Amino acid sequence: MRSVLSKNIKPQLDHNVITNKSSDTVGAVALDHEGRLACAASTGGLTAKESGRVSDSSIVGAGFYADREIAVSGTGNGDEFIRISAAKQIADLVKYSKMTLSQACNQVVLIDLKQTMAGFIGLDKDGNIAMPFNTPGMFRAVLLENSKPVVNIYE
């Protein structure tokens, strides 16, 4: 089995490594018809990852978080997300500081993480959406009930 896996993965590792500053994280937030919130995050895998490094996509509260009030998922410098528990910090700002979702996301992305690459998508129980980023652009999509999906690169 090991030799088969090695043969199958070799061609994938021979590709050029992406050297630009883009992030490989994919995230999603959702609010269902019963008012339940959810979030998800996925990293791009092993490409260009340092040995032994743990991604923020695997740590609840760093790159993603959801509770009954808010759901957020981020992309960018995961090490900094881990350091400040970025996703949980957004949720806590909404809960304890009484900030709006937009204010909390902006606080974390545009102020707390201004020295690094960061972008978050957020959704609250009332259907409010926030999608701040501090990079030159960020792929984002929105799907609302009874409307066409919208996908754009925002600058």
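For all residues, glycine too, the Cβ spot is worked out from N, Cα and C.
TrEMBL labels come from automatic prediction, so no person has curated them.
Residues annotated as active site, nucleophile in TrEMBL: T25. Among the features that TrEMBL reports, substrate binding site is placed at R53, V54, S55, D56, T75, G76, N77, G78.
Of the recorded residues, T75 (substrate binding site) and T25 (active site, nucleophile) place their C-alpha atoms 6 Å from one another. Note on N77 (substrate binding site): other Cβ atoms within 10 Å of its Cβ, all shown chains, come to 18.
According to DSSP, G78 (substrate binding site) is assigned to a helical segment. Between the C-alpha atoms of G76 (substrate binding site) and the residue listed as 'active site, nucleophile', the distance comes to 8 Å. Of all the recorded positions listed here (T25, T75), the one with the fewest other CB atoms within 10 A of its own CB is T25.
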